[in-house]
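The domain 'Survival protein SurE-like phosphatase/nucleotidase' annotation in TrEMBL covers 3-186. Annotation source TrEMBL lists divalent metal cation binding site at D8, D9, S39, N91.
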Amino acid sequence: MKILISNDDGYQAPGIIALHDALKDLGEVEVIAPEHNNSAKSNALTLNQPLTVYEGARGFRYVNGTPADCMHIALTGLLGYRPDLLVSGINNGANMGDDTIYSGTVGAAMEGYLFGVPAIAFSQVEKGWAHLDAAAHKARELVQRVMQQGLQAGATPFLLNVNIPNRPLESLGSFEVCRLGRRHAAENVISQASPRGGTLYWIGAAGAAKDGAPGTDFHATAQGNISVTPLQVDLTDYEGLGDWTRHVQGFGANP
Ligand SMILES: Nc1nc2c(ncn2[C@@H]2O[C@H](COP(=O)(O)O)[C@@H](O)[C@H]2O)c(=O)[nH]1
């Protein structure tokens, strides 16, 4: 079993070290991760400058790029083989609700998925790495479950978004398959006067949960369970196809 590990907090982050320690005896495990924190970089690729790959402690390779850059170059030549599973994380903070779309942790996993590699993104719900050992234990459990059922060798790849509450192992609940919740819009931008004149702007905090009903990731983790959400990439609004066909019917037709 060949497992490729990445993240968005950087190759020296506690979360990726704990994840590597938890998975390293499950097969051939390689780490290719960003040099620095790339939180909220989503699926960004670096097209306007070259990337460099370095080797750091633990034999981890790191890249002066984004999480998606790391996986893109890994799967288009750097690795020289196709991994059986891509695992991203363990992220310092949650990736729940519809703003998961901003996540670099999910972005790394999604890049693998787009290349046909089954992928799992792991995040701890709270920042600060509390009970990281318990999260790594649960990440190992899920990867072993996937391996035991041969799911990584299935015909179609999968992409899982997993959020683990920051609790001691004995206080963690079960794996709960659920949908993404919805968040309120993000908090207002934070502006401050620049010492060089003008104004500086900081992105505001993520919005609170708007839809945290039973069956969502917000609800599952609030109960102490580990949320497991299968994601897809097709952004087509199939329900809107009919309406828009009518909206634009005959529009722009040659006179
Ligand atoms: N609007 C804001 N969103 C934030 C903020 N801090 C975190 N986030 C959310 O976190 C993740 C980033 O995930 P990562 O895997 O890239 O670390 C993503 O879900 C964001 O929406 C914040 O200050 N403002």
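Placement of Cβ uses the backbone N, Cα and C atoms for every residue, glycine included.
Recorded features from TrEMBL, shown on the structure.
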residue : record                             : DSSP class
D8      : divalent metal cation binding site : coil
S39     : divalent metal cation binding site : coil
N91     : divalent metal cation binding site : strand
Quick one: of D8, D9, which of the binding-site residues has the smallest count of other CB atoms within 10 A?
-> D9
Around the divalent metal cation site (D8, D9, S39, N91), what further same-chain residues have their C-beta within 8 angstroms of the site's C-beta centre?
-> N7, G10, A13, G15, N37, N38, P67, G89, N92, G93, S103, G104, T105
Show which residues of the chain containing N91 (divalent metal cation binding site), separated from it by at least 6 in sequence, have their CB under 8 Å from its CB.
-> N7, D8, D9, G15, S103, T105, A121, F122, S123, Q124
Tell me, roughly as an integer, the mean pLDDT over the domain 'Survival protein SurE-like phosphatase/nucleotidase' (3-186).
-> 97
What remains of the binding-site residues D8, D9, N91 after requiring a CB under 6 angstroms from ligand 1 is D8, N91
Restricting to the same chain and to sequence separations of six or more, state which residues have a Cβ under 8 Å from that of S39 (divalent metal cation binding site).
-> D8, D9, N92, G93, G104
